[in-house]
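The structure under discussion appears below in the form of structure tokens.
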Amino acid sequence: MQGSSLWLSLTFRSARVLSRARFFEWQSPGLPNTAAMENGTGPYGEERPREVQETTVTEGAAKIAFPSANEVFYNPVQEFNRDLTCAVITEFARIQLGAKGIQIKVPGEKDTQKVVVDLSEQEEEKVELKESENLASGDQPRTAAVGEICEEGLHVLEGLAASGLRSIRFALEVPGLRSVVANDASTRAVDLIRRNVQLNDVAHLVQPSQADARMLMYQHQRVSERFDVIDLDPYGSPATFLDAAVQAVSEGGLLCVTCTDMAVLAGNSGETCYSKYGAMALKSRACHEMALRIVLHSLDLRANCYQRFVVPLLSISADFYVRVFVRVFTGQAKVKASASKQALVFQCVGCGAFHLQRLGKASGVPSGRAKFSAACGPPVTPECEHCGQRHQLGGPMWAEPIHDLDFVGRVLEAVSANPGRFHTSERIRGVLSVITEELPDVPLYYTLDQLSSTIHCNTPSLLQLRSALLHADFRVSLSHACKNAVKTDAPASALWDIMRCWEKECPVKRERLSETSPAFRILSVEPRLQANFTIREDANPSSRQRGLKRFQANPEANWGPRPRARPGGKAADEAMEERRRLLQNKRKEPPEDVAQRAARLKTFPCKRFKEGTCQRGDQCCYSHSPPTPRVSADAAPDCPETSNQTPPGPGAAAGPGID
């Protein structure tokens, strides 16, 4: 048996060698295989390296080469994100190294540095200056400059580096760094990172790494190996990285997280939001701020599992993403207070009024320690007290302040003192100025168009509504997340009283309102609060008076997210255009034009004509013709079709009485 098996094996091997020899004999070395060349291989079957065109991009102090094909992700829209991150990490390094007696030097900053910005003044140059502290005689200050290794500096990780642009910018623009780990799971991306590191001469600071970001962070859980700064900017949701991130960041370290899955966080898929972030998102006008608070809740919830908690420094909603900067601390006593920092949201589906219900209750005791217990609720009745509609339940979400205004002021002051440092400095100043004006203890907001559309009245101006709230002794502010937001500590009843008073100046035709509509029920109640719409000087915020760039319009076409990076992918612009072409005319029902809509509406009888109240006559978009009587099958004659009936055929309309 063994001999026969060996003989069969040798026979098959000889047959393969013979067939291969015949193939190469037929494929003459002098004649290249044109079919193989067309398929992307060499003339004799070997694989040829695919020619990839590369593009060089200069952003900040970095110069990056990346392939034009969509193999490595790069989005120029995120320049504001990267500029803001550099500014935040710089101030964080100033705080951390300042405690060690190390001063950082930022190119463009003067010896006298601004430390306080007086936002109450209209002149943007009116800033308080503070001289640097005098050192003791004979002492030499320790300094840290950009591009140099600081042995006591920050250990930074960029978990999803792609082309390495962000990490290289950290090395070239942020002082006080010990090392920067630029990690990515893609081999193509890591090769590009190595090339860009050599191109910018930052190999002494930036360390390329190829690994799964989660496993890399899990391997740095030890206190001595943790990172001082972790930056996560994934394509889509960062939910799968948060558990590892809260364990790998050092005590008091900085965690920078970007979420670009705004469709999920804004309430389009509440069940998906719950599976990723542990909270139900609601469709509301305040969805962008609620998205920020859901991300903060998710971070704090994951940190609590390891006796850690988060302290938000800055939370931004911009363009198509949200970005949060938090510090992570350890403390069992502080973790107990986390439940009282979260809240559920009861939102009326009719008028949009919302109420918050805290998950926990913290009360003080004579000994000085806080006592925690379950909260009592709910804060609403089954039906809305304003319009009688039902409530939707969302959350939990972070209900505490989402910004550290002192830290925001430091970043704003540094950017204002050195406007040439970033390309988007003007926008950073505008957004941070609005943030400093926000009410820190008031979650969520209403919008002008929401309030007016609910009762079908004209929209008051921003200054008129803000003045009415200020005259009623309520606080009011804008929100960086929405340009027509009204963030106020006034209850919903006071807001609707103000809108009732406004409606009296611009009356609504009550006969057009349904008795069950929110507008009818709200306007049927007389206001208890008499609103005063006289414009007040303090109703116009300082950032608006100074004309800062607070809410940037899209500067170019296709301003938004880019396609995901794919191996061997097409150029980003080409891929987007092909996607648009493939999706054209793929709707279930093509949009109808004006004539088609008018013809369709004419098939419906006019209800007001039946009641005798329609005054439009022939101009009415609905039909005034009497309904055609239906002919039952029993009453139909048995005679054949007459000559005046239309014979059936293509495009023939159905006769009277036929459904």
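Glycine residues also receive a Cβ, built from the backbone N, Cα and C atoms like all the rest.
Here the structure is a predicted model, which means the values were calculated and not measured.
Per Swiss-Prot, these features apply:
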| type | residues | note |
| --- | --- | --- |
| BINDING | Arg82, Arg166, Asp184 | S-adenosyl-L-methionine binding site |
| BINDING | Cys348, Cys351, Cys384, Cys387 | Zn(2+) binding site |
| DOMAIN | 55-499 | domain 'Trm1 methyltransferase' |
| MOD_RES | Ser120 | phosphoserine |
| MOD_RES | Ser517 | phosphoserine |
| MOD_RES | Ser625 | phosphoserine |
| MOD_RES | Thr628 | phosphothreonine |
| MOD_RES | Thr646 | phosphothreonine |
| REGION | 537-578 | region 'Disordered' |
| REGION | 616-659 | region 'Disordered' |
| TRANSIT | 1-23 | transit peptide |
| ZN_FING | 600-627 | zinc finger |
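Positions of Swiss-Prot features highlighted on the structure.
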| residue | record | DSSP class |
| --- | --- | --- |
| Arg82 | S-adenosyl-L-methionine binding site | helix |
| Arg166 | S-adenosyl-L-methionine binding site | helix |
| Asp184 | S-adenosyl-L-methionine binding site | strand |
| Cys348 | Zn(2+) binding site | strand |
| Cys384 | Zn(2+) binding site | coil |
| Ser517 | phosphoserine | coil |
| Ser625 | phosphoserine | coil |
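When the neighbouring Cβ atoms lying within 10 Å are counted for each of the modified residues (Ser517, Ser625), the highest count belongs to Ser517. Rounded to the nearest whole angstrom, the C-alpha distance between Ser625 (phosphoserine) and Cys387 (Zn(2+) binding site) is 37. Under 8 Å from some Cβ of the zinc finger (600-627) lie the Cβ atoms of residues 592, all in the same chain and six or more residues away from its ends. Note on the zinc finger (600-627): mean pLDDT across this stretch is 85.
Ranked by CA distance from Cys384 (Zn(2+) binding site), the binding-site residues Arg82, Arg166, Asp184 have Arg82 at the top as the closest. Here the binding-site residues are Arg82, Arg166, and the one with the most other Cβ atoms within 10 Å of its Cβ is Arg166. Considering only the recorded positions Arg82, Arg166, Asp184, Ser517, the residues lying within 10 A of Cys387 (Zn(2+) binding site) on a C-alpha to C-alpha basis are Ser517.
Calculated from their C-alpha atoms, the gap between Cys348 (Zn(2+) binding site) and Arg166 (S-adenosyl-L-methionine binding site) amounts to 43 Å. Of the chain residues outside the Zn(2+) site list Cys348, Cys351, Cys384, Cys387, Val349, Gly350, Gly352, Ala353, Glu385, His386, Gly388, Gln389, Pro518, Ile522 have their Cβ within 8 Å of the site's Cβ mean position. Using a 10 Å Cβ-Cβ cutoff, Cys351 (Zn(2+) binding site) registers 25 neighbours. Distance between Cα atoms for Cys351 (Zn(2+) binding site) and Arg166 (S-adenosyl-L-methionine binding site): 44 Å, as a whole number.
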